[in-house]
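According to Swiss-Prot, the protein carries these features:
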{"type": "BINDING", "residues": "Glu417, Asp479, Ile481, Glu483, Asp530, Asp532", "note": "Ca(2+) 3 binding site"}
{"type": "BINDING", "residues": "Glu417, Asp478, Asp479, Asp531, Asp532", "note": "Ca(2+) 2 binding site"}
{"type": "BINDING", "residues": "Glu417, Asp453, Asp479, Glu483", "note": "Ca(2+) 1 binding site"}
{"type": "BINDING", "residues": "Asp453, Asp479, Glu483, Glu486", "note": "Ca(2+) 4 binding site"}
{"type": "BINDING", "residues": "Glu548, Asp610, Glu612, Glu715", "note": "Ca(2+) 5 binding site"}
{"type": "BINDING", "residues": "Asp584, Asp610, Glu611, Glu612", "note": "Ca(2+) 6 binding site"}
{"type": "DOMAIN", "residues": "393-493", "note": "domain 'Calx-beta 1'"}
{"type": "CARBOHYD", "residues": "Asn41", "note": "N-linked glycosylation site"}
{"type": "CARBOHYD", "residues": "Asn157", "note": "N-linked glycosylation site"}
{"type": "REGION", "residues": "251-270", "note": "region 'Putative calmodulin-binding region'"}
{"type": "REPEAT", "residues": "138-178", "note": "repeat 'Alpha-1'"}
{"type": "REPEAT", "residues": "839-875", "note": "repeat 'Alpha-2'"}
{"type": "SIGNAL", "residues": "1-32", "note": "signal peptide"}
{"type": "TOPO_DOM", "residues": "33-71", "note": "topological domain 'Extracellular'"}
{"type": "TOPO_DOM", "residues": "93-133", "note": "topological domain 'Cytoplasmic'"}
{"type": "TOPO_DOM", "residues": "155-167", "note": "topological domain 'Extracellular'"}
{"type": "TOPO_DOM", "residues": "189-201", "note": "topological domain 'Cytoplasmic'"}
{"type": "TOPO_DOM", "residues": "223-228", "note": "topological domain 'Extracellular'"}
{"type": "TOPO_DOM", "residues": "250-797", "note": "topological domain 'Cytoplasmic'"}
{"type": "TOPO_DOM", "residues": "843-871", "note": "topological domain 'Cytoplasmic'"}
{"type": "TOPO_DOM", "residues": "893-903", "note": "topological domain 'Extracellular'"}
{"type": "TOPO_DOM", "residues": "925-941", "note": "topological domain 'Cytoplasmic'"}
{"type": "TOPO_DOM", "residues": "963-970", "note": "topological domain 'Extracellular'"}
Amino acid sequence: MLQFSLSPTLSMGFHVIAMVALLFSHVDHISAETEMEGEGNETGECTGSYYCKKGVILPIWEPQDPSFGDKIARATVYFVAMVYMFLGVSIIADRFMSSIEVITSQEKEITIKKPNGETTKTTVRIWNETVSNLTLMALGSSAPEILLSVIEVCGHNFTAGDLGPSTIVGSAAFNMFIIIALCVYVVPDGETRKIKHLRVFFVTAAWSIFAYTWLYIILSVSSPGVVEVWEGLLTFFFFPICVVFAWVADRRLLFYKYVYKRYRAGKQRGMIIEHEGDRPSSKTEIEMDGKVVNSHVDSFLDGALVLEVDERDQDDEEARREMARILKELKQKHPEKEIEQLIELANYQVLSQQQKSRAFYRIQATRLMTGAGNILKRHAADQARKAVSMHEVNTEVAENDPVSKIFFEQGTYQCLENCGTVALTIIRRGGDLTNTVFVDFRTEDGTANAGSDYEFTEGTVVFKPGETQKEIRVGIIDDDIFEEDENFLVHLSNVKVSLEASEDGILEASHVSTLACLGSPSTATVTIFDDDHAGIFTFEEPVTHVSESIGIMEVKVLRTSGARGNVIVPYKTIEGTARGGGEDFEDTCGELEFQNDEIVKTISVKVIDDEEYEKNKTFFLEIGEPRLVEMSEKKALLLNELGGFTITGKYLYGQPVFRKVHAREHPLPSTIITIADEYDDKQPLTSKEEEERRIAEMGRPILGEHTRLEVIIEESYEFKSTVDKLIKKTNLALVVGTNSWREQFIEAITVSAGEDDDDDECGEEKLPSCFDYVMHFLTVFWKVLFAFVPPTEYWNGWACFIVSILMIGLLTAFIGDLASHFACTIALKDSVTAVVFVALGTSVPDTFASKVAATQDQYADASIGNVTGSNAVNVFLGIGVAWSIAAIYHAANGEQFKVSPGTLAFSVTLFTIFAFINVGVLLYRRRPEIGGELGGPRTAKLLTSCLFVLLWLLYIFFSSLEAYCHIKGF
């Protein structure tokens, strides 16, 4: 399980934290060498103080100097309360990150005009991924640290404190060393994860190191011990400057600005693809909000319009192939599973392999830690249940309808002219089946006429109690006249329901529209195929579209205007842009033999599925000249005398066909009609024989209108649409978002199973573990409380965003007071408490989020790419905003905002040196012998993780030594 998968190095680090904290709290009392360097400022003291100060919210716990036992009790209460507050912050931060995921997933529709004049509509994300990661995403993951710094300054009469800035620096150290060490270690042996957007990583890493270097400059170089207004404001304004630089790197706007580019509508997902090269000869125009933007105009490079480069194009194609493989393998792997289980497995696998944001991993980690379960599996199960339930509702809704529907089973019927009668089925569905229902029917002429082509029929059908199906018959009149296919109509009308039966058994019927009515179809069309002709053979249509996943394609060859005699029709496939021989389809040829009265046959062609996302290839299917089976011989005779002939059991043009008996010489009967040419030359025909010959020729089978069928092979529509849905990132916003307060309260009180270790896709619901129950009951108060936060559906996530950040600020104020009171209770300095305990508490959710991202994501960006950007944002927002407010306040009162440079400047310098080492090692790991920033051979993983953990321990150790004046700072 995720919650028990911390590495041994990280566990060892946690133990060392406690040892270091206890060591320095005792050294504080054992050592006598202390100095007082500041004036009333605690940062200048070399020892902690047992005397606590009033917090922003919490009062002082009196008396100030309790006994040793009371100190232990108080420290325990403060520590437990602080941990509980950290749990609360994690849960409300989960809601906060959900709102951010929804906000950054917003899309806008644009229209692409192609050079040929065609237009297509597609959607693009409003938020650039890099911009959202550095603004809302970073704010979401670092909100407690940022708000703690601001609240501490504003809550203590705009004076500088140690807790906020030290928490920011300590959190940065924890993120840079411990989180990256964990991510390096948890990747399976032999696997690697590389940073995909290396340019963005370089920019954010440089800004991260610069941010802490800048802190040292304003504290110790520019104006030692004083933060001026311009320094505070410039620190804050570095934040948007950093975002712009990262966006420029992501969009390649510096060097690439001077390279001509062209844009085309990409085949994948309808996205816009960027190409670099020569000036294009034609323009692709793009409409956004009604404005047309030319393809090579610089302003086209808007971050809101997510232009995809070829690299992304290839990645999407690979992802689609992977999705197609999953869809095909699931049914083969689990043929015994029911539809709900298969849907759940497919949804889970697809969601698991999607590219995810930092916000998603943070939400997933928090919910797994607090017993809320795996949101991907829960969403997949919910979707499966909805799909199955909708199917059941659609099939059962008619059965539960209170009104009986009366309708024909099908809207069209076909029959041959010699069939005698045609049967039509009437269905009764829904309503009270104990009633007796009457419905009238009546035939109506179409191209067929009553009396000459069919028998006029009308009457009433009675559905007795319990009966749901009735059959009516209409007589068909056969003649020997060649005719086109004809049709007539049969109408249903006048539905009546029997309310009661009289004593003599006669049913009394009345119109009750609330009990029964006509359904659809209430009119049936009957087509009569003429059987006096050998037939006209044709395809249904000249062009047909088939999916490449169809497997065996079946094409109908129709026999119209007659069905008399046995006829052979040859057929064959012809290559077009699609290739035969098993490449796109298998070559097929042969003959169709239509038996007497048979009106349709099918040709089967195997289509090869090569899993192309978009496909448009053609081949042709052609039928040849039809021939009667008997006319394949030299003579075709119509006989009405036996003589020296024997009956064959076959018919030609309505007459029995005879065959001459060998070794018997009889004169040719006078009634023989010859069709062979040799007899035409020797024997003139009478007018009667000529008429019979003409009729016989008219009855020969011929080809119809569509003798050549164009077959267009396309990608499977279901396959294409499914893949599009699976790979679309915005689905994750639906997974983490909520639609109603009811849904939120149900989630709050429900305990769910955490992560599976084996992930064996068993399809069986996993029961919550003991850990899940314990964490659920520990956090249920926070879950229910924060269920009152508006759902992410409202205001596109902004309502949830605003309320959540206010809640985080309130809890952070409590955490600041508890941490400060905990420190003074055990005489631990605020700076040490912040660097060790507070930084650790605020970073635990990020630790688990990075661990999940490192193991599940294809790249290292989601796990460690956000660390550097978050560190820079912490300084520019957390310290920049707080110090700007304080500096302006003091300047307005004619005072200076004093900040002791000692401990903070030393910590910043130490962190900066270690950060250079960290980034250098990560870049070295990209060499071929290791292959990426994360993972790699076991030895390399272990050495890297141990080095980073050692850097963090050294940072804690030296910062604590400096705080207690055992080594000299700045």
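Note that Cβ sites are derived from N, Cα and C of the backbone, with glycine treated the same way.
Annotated features taken from Swiss-Prot, shown on the structure.
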residue: Asn157; record: N-linked glycosylation site; DSSP class: coil
residue: Glu417; record: Ca(2+) 3 binding site; DSSP class: coil
residue: Asp453; record: Ca(2+) 1 binding site; DSSP class: coil
residue: Asp478; record: Ca(2+) 2 binding site; DSSP class: coil
residue: Glu486; record: Ca(2+) 4 binding site; DSSP class: strand
residue: Asp530; record: Ca(2+) 3 binding site; DSSP class: coil
residue: Glu548; record: Ca(2+) 5 binding site; DSSP class: helix
residue: Asp584; record: Ca(2+) 6 binding site; DSSP class: coil
* What parts of the chain pack near the topological domain 'Cytoplasmic' (925-941), using Cβ distances under 8 Å and only residues at least 6 beyond its ends? -> 183-185, 187-195, 854, 860, 863-864
* **10 Å Cα neighbourhood of Asp453 (Ca(2+) 1 binding site): matching recorded positions from Asn157, Glu417, Asp478, Glu486, Glu548, Asp584** => Glu417, Asp478, Glu486
* Asked: Do you know the DSSP helix, strand and coil residue counts for the topological domain 'Cytoplasmic' (925-941)?
  -> 4 helix, 2 strand, 11 coil
* How far is it from Asp584 (Ca(2+) 6 binding site) to Asn157 (N-linked glycosylation site), counting Cα to Cα, in Å? -> 78
* To do: For Asn157 (N-linked glycosylation site), identify the closest of the binding-site residues Asp479, Asp530, Glu548, judging by Cα separation.
  => Glu548
* Structure fact -> DSSP tally for the domain 'Calx-beta 1' (393-493), helix/strand/coil in that order, comes to 4 helix, 53 strand, 44 coil
* Asked: Which of the binding-site residues Glu486, Asp530, Glu548 has its Cα closest in space to the Cα of Asp478 (Ca(2+) 2 binding site)?
  -> Asp530
* To do: Tally the residues of the topological domain 'Extracellular' (893-903) by DSSP class, grouping H, G and I as helix, E and B as strand, and everything else as coil.
  => 2 helix, 2 strand, 7 coil
* Structure fact -> The predicted model's mean pLDDT over the repeat 'Alpha-2' (839-875) is 78
* Asked: Mind checking how the topological domain 'Extracellular' (223-228) divides into helix, strand and coil residues in DSSP?
  -> 0 helix, 2 strand, 4 coil
* Could you round the CA separation between Asp479 (Ca(2+) 3 binding site) and Glu548 (Ca(2+) 5 binding site) to a whole angstrom and send it over? => 46
* To do: Sort out for me which one of Asp478, Asp479, Glu486 has the most neighbouring CB atoms within 10 A, since those are the binding-site residues we care about.
  => Glu486
